[in-house]
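Presented below is the structure to which this report refers.
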Amino acid sequence: MIDALRYEYVRLRTLRSTYWLIGIAMTFQLIMSIVLAAVIAQSDSFGRGNDAFDIIATIGASSGFAPLFIAYIIGLLGVFSTGHEYRHGMIRATLTAIPSRTHVFAAKVISTVVISAVAALLCIVIALLSIVAFGLDFPSTRALVNMTAGTLIFTALFSLSGLAYSALTRNQTAAVALLMLVPSIVEQIIRAIVIVIKSASDEPSSDGGIMNILKYLPYDAGGKLYTRASLDDLLSFLGFVPFGAVGGGIVMGVFVGALLAGSYALFIRRDA
Amino acid sequence: MALIKAVGLGKTYGSTRAVNDLSFEVHPGSVTGFLGPNGSGKSTTMRLMLGLDRGDGATTYDGRTFAELDHPMRHVGALLEAKPFHPTRHARNHLRMLAAANRIADSRVDQVMEMVGLATVAKGKPKKFSLGMGQRLGIAAALLGDPDTLILDEPSNGLDPQGIQWLRSLLKHLAGEGRSVFVSSHLLQEMAVLADELVVIGRGKMLANGAVSDFISHSGLGTVEVRTPDGATLAPAIEALGATIVRDGDSLVVSGATAEQIGEAAHSVGARLHQLATRDATLEEAFLEATGLSEEFRGSTGDLA
């Protein structure tokens, strides 16, 4: 297993995409953190403690009005970890260097989690530095820990889903498309259909019912790890009560776990 | 020194039996050529040997399967396809990555880069490499762990004549050190001078397995050229041996009889011989004879006009 991790370590270090993806995420975070911190610093109405940190750390995603952009960038590292193997015919070279497919797969999962979490952590650090630079109030320890943990876990799970998509499809382009489209379009379409059905029902304001489906949209549910308010709140009149951070995180974790289990089973069984 | 022992290798794709119950051995100190027409199952067989494809049978290297080898690149070096590397990762880094998984020192990476003639482009991006340079990098990867067994699928693809000569010398040298070398190639002339033994397959089935010289002699395609002023006398005596004769001027080209048999026949009928020369079949002729009915993809010159 250690050998497989050594392989992954060198693989990541010697790949330009590792650097430019993390670079893009951090550059985006830096620019937007500075912009948001500057705006908030001049505002008399915007909360300056935890609220300001939440908004700057997630570049607005904590409001529920935007996706966690860095996750979409860093998530590509997960796609590439397996996608490159198939796109560039590396898989056979990899498996002749490390014949244990379990070790290869596990090393990719571990390296994806670590690099995604580290990249997300760097983005949080940039947000904190921006807060300090513009003289905003530091968040409370609890808020800092919750937001940091939520962002790191969501980003790591998001990247792992990218890894699983590319292992399932053995097609890097398809995996990138799935990673971008499932959270941002597929889930939105499901949401729209569910809302229409509920609105057209005899009791549109009743609790639960078909609206419970929305609680289990994996990426939306996982978003509760870092959102502090959400568009979902607007759906409360339709009887929708979303999970909290823990419940949402579990929903996304189970979804990603199922994707990984399926892709591992196929990885073990398929021809290389 | 590793004995490769493949037993009952088989692979089915849908309703097609691509490899069917192949068993053979590759002995230390020899180069064993792996021949077969396009689509005959050579690459699939090699992948089965390395556990990359799921199928029937087993291949052992001194009694252990590939998956059971600790740091396998130190035991078995493999080249399976052209350019199996990320296009922008430096050539040297590609090898460093493989080396890291097998606890091989970076100094060995530099050594094999030098050995295959890529030292000057060690920091080059493989996407700019020619097919031949890519093959050299693949060969470097196969040699990385200084393995006692090499499995190479079409290693001469894309190499220039100097490169092919270099590869021949290298593989001969490695076999001379007692290593087992199993190599597929479409270059039959090259294989004729390189290989000591052959495994020949067609449509996934074993057609021949043994020494190159045996394969050629068993093809029955060798001829004996006989120059004689007494052709009319000698010909019936030769045909009585069961041989066939093609007349070529004052010469008889005889198939199916040895020079010794023809000499004896000439003596018995009192025919004078001016020349008695044997001509062995080439590996190409023997191969085409052996695989004639096993071609998966048969082309035609068609109506080119």
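Note: Cβ is positioned from N, Cα and C throughout, glycine not excepted.
As recorded in TrEMBL:
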type: TRANSMEM; residues: A:20-43; note: transmembrane segment
type: TRANSMEM; residues: A:55-80; note: transmembrane segment
type: TRANSMEM; residues: A:109-136; note: transmembrane segment
type: TRANSMEM; residues: A:148-168; note: transmembrane segment
type: TRANSMEM; residues: A:175-197; note: transmembrane segment
type: TRANSMEM; residues: A:234-267; note: transmembrane segment
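The stretch from A:55-80, A:109-136, A:148-168 with the most CB pairs below 8 A to the transmembrane segment (A:20-43) is A:109-136. Counting residues 6+ beyond its ends, the transmembrane segment (A:109-136) has Cβ neighbours under 8 Å at 5, 8-9, 11-12, 18, 21-22, 25-26, 29-30, 33-34, 36-38, 40-41, 48, 52-53, 56-57, 70-71, 74-75, 77-78, 81, 144, 147-148, 151-152, 155-156, 158-160, 163, 260 in the same chain.
Tertiary neighbourhood of the transmembrane segment (A:55-80): same-chain residues 12, 15, 17-18, 21-22, 24-25, 28-29, 32-33, 36-37, 40, 112, 115-116, 119-120, 123-124, 127-128, 130-131, 147-148, 151, 154-155, 158-163, 165-166, 172, 175-176, 179-180, 183-184, 223, 226-233, selected by CB-CB distance under 8 Å and a gap of 6+ residues from either end.
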